[in-house]
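Okay, so here's the structure we're looking at.
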Amino acid sequence: MVVRKMSGLLILGAGGHGRTVADAALMTGIWDRIAFLDDKEDLEEVSGFPVLGQFNLFPRFLNDFDGAFVAIGNNDLRLKLIIVLQHAGFNVPSIIHPHSSVSKRSKIAAGSIVMAGAVVNTDATIERGCIINTCSSVDHDCYVQEGVHISPGSHVGGTASIGRCSWLCMNSCIGNNRKVGKNVIVAAGSIVIKDVPDDVMVAGIPAIIKKRFGGDHIEHENISLSALYERI
C-alpha cells in the first residue's frame, strides 16, 4: 500500500507522552512537520518542536495540518478531545511505531498509538483513543475499548476484553478470557485472574478490589468544545 506523504501533524499535549508520540510519528515517515498545542502558559517550543498555543486554538489550524492527534494521559479527557477534533473536521490518525509488531489482521482505530516494542496480535481490536505503550502486548482476539491505556510492560492474554477508559498500570497482566470493566485501574504489577467489574481499582497477585469509584464519566458523543471545557 502506498502511503501519501502528509505535510504536518498537530499534537495536543506537549508533555512526556506528547514528545514520545512526536518521535513515533516522525519514525513512521508519514509526517514531515510536527507542532504542538498545550495549555501550559508561555510554552513556545518543546524538544525542538513549536508550540503554537493552547488547546482552544485548534480550530484555526484545521487547514494547516493533515492530521491532529491527542497525546494526553488522562483517558477520559483524551477521548473527549478526539471526538471534538473529529467533529471539527480534523483527520485523527492512528500511529504505529515501526519498531512495534502489529498483526495485519488486527484493527487499530483512530487516535490510538502503538509504541515501540509493543505487540498486537491477530484479530485483536484496539478502539479509538487507546495507548498501547512501550513493550506491552495485546494478544489474539482481544477487544480493547475506547480510551484505554495499557502501560509499559503490561500484557493482556488472548480473548480478554478491557472496558472503556480503563488503565492497566506498569507490568500488570490480564489473564486469558478475562473481562475488565470500564473505568478500572489495575495497579502496577497486579495479575488479574478473575473478571473485574466497572469503576474499581484492583491490586495484588491475584488482583482484588481495593477501591470503588463513582461513575463520574459522561458519554462522549456530540460534545461541543464549549461544553467540553465547562467539564474540564
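Glycine residues also receive a Cβ, built from the backbone N, Cα and C atoms like all the rest.
Computed over the domain 'PglD N-terminal' (9-82), the whole-number mean pLDDT of the model equals 95. What TrEMBL lists as domain 'PglD N-terminal' is 9-82.
Residues annotated as substrate binding site in TrEMBL: Gly73. In three-state terms derived from DSSP, Gly73 (substrate binding site) belongs to neither a helical nor a strand segment and is classed as coil. Less than 8 angstroms from the CB of Gly73 (substrate binding site) sit Gly15, His17, Ile131, His149, each of them six or more residues away in the same chain.
Here TrEMBL flags His140 as active site, proton acceptor. Sequence-distant contacts (6 or more apart, same chain, Cβ under 8 Å) of His140 (active site, proton acceptor) comprise Asn121, Thr122, Asp123, Ala124, Gly158, Thr159. According to DSSP, His140 (active site, proton acceptor) is assigned to coil rather than to any helix or strand.
All protein chains considered, the CB of Asp141 (site 'Increases basicity of active site His') has 18 other CB atoms within 10 Å. Residues or ranges marked as site 'Increases basicity of active site His' in TrEMBL: Asp141.
The acetyl-CoA binding site annotation in TrEMBL covers His149.
Here the Cβ of His149 (acetyl-CoA binding site) has 24 other Cβ atoms within 10 Å, regardless of which shown protein chain they belong to. Look at the domain 'PglD N-terminal' (9-82): DSSP puts its residues at 28 helix, 18 strand, 28 coil.
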